[in-house]
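Below is one structure, written out as structure tokens, with a few remarks after it.
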Amino acid sequence: MADVAIPRAKPQMSEDNAWTRLKHNRNWLGFWFMVPAMAFLIFFLAYPLGLGIWLSFTDTRIGRVGHFVGVENYEWLWDDSIFWLSVFNTLLYTFVASALKFAIGLYLALLLNENMPFKAMLRAMVLIPFIVPTVLSALAFWWIFDSQFSIISWSLKHLGLINQNINFLGDTTWARICVIFANIWRGVPFVAITLLAGLQTVSPSLYEAATLDGATRWQNFRFITYPLLTPIIAVVMTFSVLFTFTDFQLIWAMTRGGPVNATHLMATLSYQRAIIAGQLGEGAAISSAMIPFLLAAIMVSWFGLQRRKWQQGENND
Amino acid sequence: MTDLPASKVDLKSVLATPARVDNSEGMSYLQSVPRRLVTLYLPLTIIVVVLLFPFYWMALTSVKPDDQLLDLDRFNPFWTWNPTFKHFHKLLFESYYPHWLWNTMYVAICATILSIVASVLAAYAIVRLRYKGANLVGGLIFLAYLVPPSILFIPLATVVFQYGLFDSPLALILTYPTILIPFSTWLLMGYFKTIPFELEECALIDGASRWQILIKIVLPLAIPGLISAFIFCFTLCWNEFIYALTFLQSTSNKTVPVAIVNEFVDGDIYRWGSLMAGALAGSLPLVILYAFFVEHYVSAMTGAVKE
């Protein structure tokens with residue numbers, strides 16, 4: 001046995017330098033562990049991100065390789081009223097939906113944080129709209145907002161509030177309201193449940209102490225809940241703004257940008273131009289134009305709330 | 001029969017006692033019942049009803065006979081006394097629906113497994129191997145989480161076309177991980193951080209390799225995290241729309257969300273019954289999965305945000 005073991009040990013010793021070092025060096029090991037994730041992210045995320053910006057400077061169409069045309073696509077967009085309408089729609093959609101999602105979500109989180117029977121079941125039920133695929137619930141809304149057979153119109157008519165069916169998705173203002181409503185409906189559970197998780201980390205003794213000192217419910221919320229919740233609000237709202245701004249599926253399933261482009265967001269417009277009309281370059285320019293807005297939205301919601309937290313911390317000192 | 005009310009009361013008091021003992025009622029005794037009714041139960045009921053009504057409507061529409069669907073005057077629209085499974089029958093036996101369900105499931109499971117494997121390795125390396133620049137890579141992965149698919153789908157479509165993956169499920173299996181990996185890496189990093197270093201040190205002293213430590217020590221301890229990541233990734237895949245809409249063309253290859261939007265809406269005659277049946281059948285697998293793993297799901301959602 002010993003005779004066999006010795007010759008075996010030798011090649012191992014000689015390999016030690018190259019192979020074993022690769023195997024045991026932390027940096028190399030780390031590199032090997034990162035390879036699969038990095039491969040995906042580089043080939044299918046970083047590279048396309050760069051490629052998208054490059055495409056926006058070319059006149060590529062589907063089935064035809066493009067040539068560099070400089071900022072021509074952007075010049076086109078600059079004079080394109082539909083593009084500006086979509087920018088306006090996107091900003092309106094993001095702003096209104098995010099603000100209401102935050103308000104309703106926070107309110108719902110505070111309600112769910114109270115002690116009551118069937119608490120766990122209620123929380124589980126509240127999250128269901130977030131679980132169900134957006135497109136499928138959007139279809140349900142499409143049916144609820146149908147121009148002729150809408151259950152809302154029917155109910156309002158029977159309550160005697162209106163005489164005619166409301167043309168929910170055919171009227172520009174109503175269509176915007178409906179789309180924003182559907183987005184809020186889907187986003188509120190996410191905001192509420194994540195804020196609820198934050199609320200549960202707030203120690204009840206703080207409220208008891210404040211109540212003994214004569215604080216009202218509003219003061220409890222304003223001076224205990226809100227400051228302690230600020231960091232998690234910043235993160236949740238950053239995500240919420242980001243996903244609302246880049247929303248695509250809800251609009252596509254409900255209105256496809258209609259009526260008269262009143263609900264076209266930048267994402268849906270870029271899909272229409274790039275994939276349906278085949279103008280890949282122009283579509284890429286629209287989606288690249290989203291990047292600065294996105295960065296700005298992230299900065300505002302992130303640093304805005306961070307700064308407030310810092311200011312409050314300083315005031316307390 | 002006479003025993004029933006008595007046992008009910010008994011059970012109630014038994015259930016209520018521990019709540020009083022550990023003071024979980026908090027300060028709610030300060031509020032009177034009518035006040036709680038107005039400030040808590042009423043708004044909560046309204047919100048929950050609004051949140052759940054579309055599902056009720058979806059389910060009701062999918063079992064209503066066609067003549068009741070479009071006639072709101074002769075029948076009460078909020079209920080039906082003669083439910084029919086005609087729409088589901090049509091869905092299952094006269095359309096590609098089972099195909100689409102299978103495609104969605106197949107793509108979601110493959111993409112989820114791929115991304116979980118990649119994220120486990122990446123998260124372990126970032127948290128525990130701490131190679132040079134691990135923090136920077138962690139930050140970059142978080143940034144990748146913030147890149148939305150609606151910016152990427154146009155260039156990705158050209159990439160998919162170049163690689164010859166157009167109209168194949170493989171295109172989705174390979175592109176979905178870009179959405180899933182950043183999320184699950186961050187989630188798993190959080191879980192791995194909670195596993196004590198000492199366990200790994202002991203194993204290292206006993207001569208275990210890094211690989212053995214990961215497989216035999218870290219992963220078994222991180223199973224709740226793995227389940228959370230798996231469920232959340234699976235849901236995200238099932239939900240994904242824009243890539244599936246762009247990269248797939250032939251009817252039989254589509255996933256449920258895309259197929260319902262494109263194939264079930266034919267011209268002006270909306271087939272509401274089968275449309276809603278399709279939407280319901282497409283949501284049910286996720287809702288059932290969710291019902292079994294609520295806690296994991298919530299911890300995935302809040303965990304990723306807290307990090």
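Using the three backbone atoms N, Cα and C, a Cβ is placed for every residue, glycine included.
Here is what TrEMBL says about this protein:
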type	residues	note
DOMAIN	B:101-293	domain 'ABC transmembrane type-1'
TRANSMEM	B:37-59	transmembrane segment
TRANSMEM	B:105-127	transmembrane segment
TRANSMEM	B:139-164	transmembrane segment
TRANSMEM	B:170-192	transmembrane segment
TRANSMEM	B:213-238	transmembrane segment
TRANSMEM	B:272-293	transmembrane segment
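Among the listed stretches B:37-59, B:139-164, B:170-192, B:213-238, B:272-293, the one sharing the most Cβ pairs under 8 Å with the transmembrane segment (B:105-127) is B:170-192.
Comparison of B:37-59, B:139-164, B:213-238, B:272-293 by number of C-beta pairs under 8 angstroms to the transmembrane segment (B:170-192) places B:213-238 first. Among the listed stretches B:37-59, B:139-164, B:272-293, the one sharing the most Cβ pairs under 8 Å with the transmembrane segment (B:213-238) is B:272-293.
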